[in-house]
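Copied over from Swiss-Prot, here are the features:
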type	residues	note
MOD_RES	A2	N-acetylalanine
REPEAT	36-75	repeat 'WD 1'
REPEAT	78-117	repeat 'WD 2'
REPEAT	120-159	repeat 'WD 3'
REPEAT	162-202	repeat 'WD 4'
REPEAT	204-242	repeat 'WD 5'
REPEAT	246-285	repeat 'WD 6'
CROSSLNK	K249	SUMO2 cross-link
REPEAT	287-326	repeat 'WD 7'
REGION	496-528	region 'Disordered'
COMPBIAS	497-516	compositional bias 'Basic and acidic residues'
Amino acid sequence: MAGYKPVAIQTYPVLGEKITQDTLYWNNYKTPVQIKEFGAVSKVDFSPQLPYNYAVTASSRIHIYGRYSQEPVKTFSRFKDTAYCATFRQDGQLLVAGSEDGVVQLFDINGRAPLRQFEGHTKAVHTVDFTADNYHVVSGADDYTVKLWDIPNSKEILTFKEHSDYVRCGCASKLNPDLFVTGSYDHTVKIFDARTNKNVLCVEHGQPVESVLLFPSGGLLVSAGGRYVKVWDMLKGGQLLVSLKNHHKTVTCLCLSSSGQRLLSGSLDRKVKVYSTTSYKVVHSFDYAASILSLALSHQDETIVVGMTNGILSVKHRKSEAKKTSLPRRRRPAYRTFIKGKNYLKQRDDIMVSRPAKKHLEGYDKDLKSFRVSQALDRVLEPKCVIRTPEVTVSIIKELTRRGVLANALAGRDEKEVTRVLNFLIRNLSQPRFAPVLINAAEIIIDIYLPVIGQSSVVDKKFIVLQELVEKEIDYQRELLETLGMMDMLFATMTRNDSDPVPEHVPAELPEEKTESPTQPSDTDKNS
């Protein structure tokens with residue numbers, strides 16, 4: 001009796017992504033560490049100085065985390081309401097933050113109580129930053145104003161009322177202590193100069209501005225709002241260089257890599273995009289579990305921290321280079337081990353005993369071997385198999401079709417099982433590699449369950465989706481055939497023109513030959 005032959009699973013070539021230096025660089029992070037905060041993480045900021053701690057603003061607290069710690073090393077909770085935008089000074093010794101009650105507070109990293117409190121805004125302060133000289137603070141609030149504060153005197157220096165809506169983002173120049181940028185929900189980004197008491201440049205973003213970023217050189221400005229990330233040339237009067245639209249939802253945060261060669265953007269679509277600052281093309285992408293509100297990179301891009309709307313803080317650390325350790329050398333086998341049995345001579349009375357190799361059968365092969373066709377189909381319709389290895393499911397359907405028992409395997413199913421089969425068909429019917437097998441399966445399942453259509457709303461919806469998918473595929477095929485017809489006509493025209501060239505030596509017009517009609521008499525005959 002012949003043994004059972006396992007089902008041959010057809011393999012298909014997999015087109016992998018192109019491996020680039022950016023892919024290797026940005027994939028070189030460990031598994032993320034997740035920290036639960038008390039509320040949505042609105043801001044993450046790294047200290048520019050060692051030991052590169054980072055401040056996390058969530059709810060009414062500001063937590064200071066060590067670079068590799070999962071517990072806060074310090075907490076600032078002197079806020080009556082929600083805290084916003086905790087930002088380090090360049091020396092890493094002071095921290096400034098806004099709040100929902102309109103008060104800007106200045107903290108010493110080594111203390112707990114605020115060193116300064118700047119009161120002047122009437123509504124929530126969503127953006128604060130230190131100027132380049134480290135002696136002034138810029139703040140923007142929902143009262144449409146931008147204020148400049150003096151740290152030593154705790155006084156307000158200037159107030160700008162240039163915006164007509166909430167001021168939700170801003171940053172100060174790292175080179176010029178008098179320049180700072182603000183973005184507002186009035187769709188504008190304004191650059192202010194403390195020496196002129198007014199904005200010196202205004203660009204129209206076109207959407208409510210959620211984040212702004214000034215390059216370290218001060219020559220380029222990046223604004224984010226809506227689905228757009230726009231780059232402006234400051235040296236050319238705010239000329240738009242490029243408009244990027246790679247996110248599906250609102251872009252909420254921006255960040256630069258340590259080298260300044262890569263721009264990162266986070267969005268509510270749960271993705272972080274990495275752009276090249278030379279070509280402005282996406283070179284890498286990160287996926288997260290929830291919508292992203294804040295993003296920060298540490299020194300040398302060693303750590304990437306992302307804050308999300310569900311209060312989860314995701315921390316990724318770069319993998320350290322594994323040190324090569326010298327293992328103890330194993331003792332090599334003796335020479336006689338290798339030549340053992342080579343000099344043995346077979347005898348006439350020797351009996352050869354062969355042990356049959358035991359074949360390992362998959363679960364679906366065991367079911368098919370026992371003619372349990374329905375169980376075999378159920379096994380390959382499990383979500384794990386359908387998502388990871390759909391070719392296995394298609395191979396089993398093909399084997400059932402070859403045996404002529406596919407209708408038996410599909411019949412007698414309840415609403416949940418029929419829905420699972422229809423979901424697989426909807427997911428893979430339009431793929432060219434699976435279409436020949438699945439079209440036959442779709443016809444069989446329609447024939448079986450056509451009499452009971454209308455008894456289950458869930459199954460009816462799946463059949464409608466399947467019908468729309470087939471109609472859309474037919475439209476695609478019709479358009480492709482029309483395109484092929486157009487191309488054939490063009491190729492035929494080109495071939496005909498190339499095959500009948502006009503010779504260059506043939507004159508355009510041939511001279512007419514003078515011939516006399518045989519019926520007309522000549523002049524000599526007339527004279528005679």
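Cβ coordinates come from backbone N, Cα and C, glycine included.
Non-local neighbours of the repeat 'WD 2' (78-117) in the same chain are 39, 42-43, 45-50, 53, 55-57, 59-62, 64, 123-130, 134, 137, 139, 141, 143, 149, 151, 154, 174; each lies 6+ residues outside the stretch with a CB under 8 Å from one of its CB atoms. The repeat 'WD 2' (78-117) scores a mean pLDDT of 92 in the predicted structure. When Cβ-Cβ distances below 8 Å are used as the criterion, the repeat 'WD 4' (162-202) is approached by residues 90, 126-133, 136, 138, 140-142, 144-146, 148, 208-214, 216-218, 221, 223, 225, 232, 234, 237-238 of the same chain, each at least six residues removed from its ends.
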